[in-house]
């Protein structure tokens with residue numbers, strides 16, 4: 001997917017990129033490749049692949065569930081790595097307030113430089129483990145939306161993310177083709193943490209056989225205070 005086809009696909013979904021937005025994605029790609037020589041951010045470096053498997057893939061929740069992102073919403077991206085999915089979404093939705101939580105300082109240095117290069121405002125970087133962020137009173141139950149992409153299986157991701165969502169907020173999980181199996185495994189965790197599965201959308205990336213699944217979990221009640229458990233526990237002993 002070259003940049004022109006990327007723009008066409010977005011236009012087909014009702015998102016016409018301005019010249020500024022096209023330039024922001026081009027800058028994003030160049031910065032990613034440049035920084036990737038120093039810090040391992042991605043194994044995908046071919047331009048067409050980055051536009052498809054990072055940029056377009058990150059934007060799929062916005063294309064499928066655009067109403068969730070309307071207005072001046074707050075979004076917390078857990079374990080964003082190189083900024084996926086939150087920063088491609090931010091480029092298309094400038095009114096969004098983004099908070100990125102990541103545990104690796106080198107990745108945050110990249111993100112800090114990238115945000116500056118893209119001239120993005122209302123983006124906050126938090127150097128923290130997800131479990132610690134969920135117990136931080138400045139972050140816990142503060143966000144309209146929480147996203148996670150390629151972070152952990154659904155039962156673990158739920159414990160990382162649901163505590164950060166406001167009641168009536170949403171977790172949007174970007175998963176691969178085996179998400180239904182993960183959902184069965186995560187049923188108890190989602191319920192215990194105060195969530196309810198609202199929607200599961202299966203899709204294929206354009207002109208490929210690459211299957212993706214988007215899972216939307218609505219937070220219907222407050223998360224019990226003991227969750228998330230201390231760092232490392234959710235992964236070792238999933239709910």
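Numbers run from 1 along the shown chain.
Any Cβ shown, glycine's included, is placed from N, Cα and C.
Here the Cβ of residue 130 (S-adenosyl-L-methionine binding site) has 27 other Cβ atoms within 10 Å, regardless of which shown protein chain they belong to. Residue 130 (S-adenosyl-L-methionine binding site) falls within a helical segment according to DSSP. Annotation source Swiss-Prot lists S-adenosyl-L-methionine binding site at 79, 84, 130, 131, 149, citing sequence analysis.
Around the Cβ of residue 79 (S-adenosyl-L-methionine binding site), a 10 Å sphere holds 22 further Cβ atoms from the protein chains shown.
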